[in-house]
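Chemist: TrEMBL feature annotations, pasted as is:
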type	residues	note
REGION	1-23	region 'Disordered'
COMPBIAS	11-23	compositional bias 'Basic and acidic residues'
TRANSMEM	50-71	transmembrane segment
TRANSMEM	101-127	transmembrane segment
DOMAIN	101-295	domain 'ABC transmembrane type-1'
TRANSMEM	139-160	transmembrane segment
TRANSMEM	172-191	transmembrane segment
TRANSMEM	231-255	transmembrane segment
TRANSMEM	275-294	transmembrane segment
Amino acid sequence: MTFTDPIYSKARRDDSDRSSVPHDADLRHHRTIAVNRLQAALARLSYRSIIAFGYVLMLAPVAMILVMSFFQDEIVSFPPSGLTFHWYANAFSRSEFARGFLVSAQVALAAMIIGVPLGTAAALALSRSSIAGKGAINTLLLGPLIVPGIVAGTALYLFYLRIENALDRDVVGTFAGLIAAHVLLTIPWTVRVVTASLQGLDRAAEEAAANLGARPWTVFRRITLPMLRPGIVAASMFSFIQSFENLELTLLLVGPGKTTLPVAMLNYLEFRMDPTLAAVATVQIVIVAALMLITDKFVKLSRIV
């Protein structure tokens, strides 16, 4: 017969209970770590899924246009009966697309040449001066990015009609009217990009030059402007592309012989639905991509925008 001391047994139970407390705490700690890791993994997966979905939304239409431009069938169907370059030949042979491309390039170049200096000056004034109402002025300058293009185009059309009635001169359907409208597109992009470049500049070199007696114009010309060159180049590129591809603002302002490429494509779509437009759009995509790559090679867009 085994004799068990009650006091000894109670002591052993107490020791066992005390030893189980840290064990339970460790289990809860490990469980919490596992749950946190699972939540972090799910968050990363959700974030990556959203990013991937966004890329699909952006790139799928572009990929579809590229593929459709080689379809042999006039009426698009899947799968296509064959592949051809016929629609590219048709696009290059049509005079309305050639004229539209030339008009778009001329208007975009002129708007860029006028708008980028104005936008750069506005960005410098807003960033480096203490003028009153800077917030309101900045909002006004960025307004064309907020207002829908068709609304802005309608407002400009009505404004141009008033000018025509007052001056008895044509404004709608002229190069001057188109360029003035597209300058409104280039200024906001220039203000945004150049302002971002100014915020990233180290002003030590400018202050050192000023302390050594350099005049403000000399400091701007020799130091500030060279440091801003990447931002100005990027703003010029964005402005040109935005002007070249704009449809909404331009739609009501074109005239005979002054039709831009996007409007010419829309006019073509009214009477025909074949892959010719996909071929024209593909050429535009290639041109824009080439401009982006060339600009990025020299100014590193990721550092500016």
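Sequential numbering from 1, following the chain as shown.
Each Cβ is built from the backbone N, Cα and C atoms, and glycine gets one as well.
Annotations in TrEMBL come from automatic prediction, not curation.
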Chemist: Can you work out which residues elsewhere in the same chain, 6+ from the ends of the transmembrane segment (231-255), have a Cβ less than 8 Å from its Cβ atoms?
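Modeler: Beyond its ends, the transmembrane segment (231-255) has Cβ neighbours at 104-105, 107-109, 111-112, 115-116, 119-120, 148-150, 152-154, 156-157, 160, 172-174, 177-178, 181-182, 184-186, 189-190, 193-194, 196-198, 261-263, 266, 284, 288, 291-292, 295, 298-299, 301, 304-305.
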Chemist: May I ask for the residues of the chain that lie six or more residues beyond the transmembrane segment (172-191) and have a Cβ under 8 Å from a Cβ within it?
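Modeler: Here the qualifying positions are 103, 106-108, 110-112, 114-116, 118-120, 122-123, 126, 138, 141-145, 152-153, 156-157, 160-161, 164, 232, 235-236, 238-239, 242-243, 246, 249-250, 252-256, 258, 260.
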Chemist: Can you work out which residues elsewhere in the same chain, 6+ from the ends of the transmembrane segment (50-71), have a Cβ less than 8 Å from its Cβ atoms?
Modeler: 77, 80, 83-85, 87-88, 275, 278-279, 281-282, 285
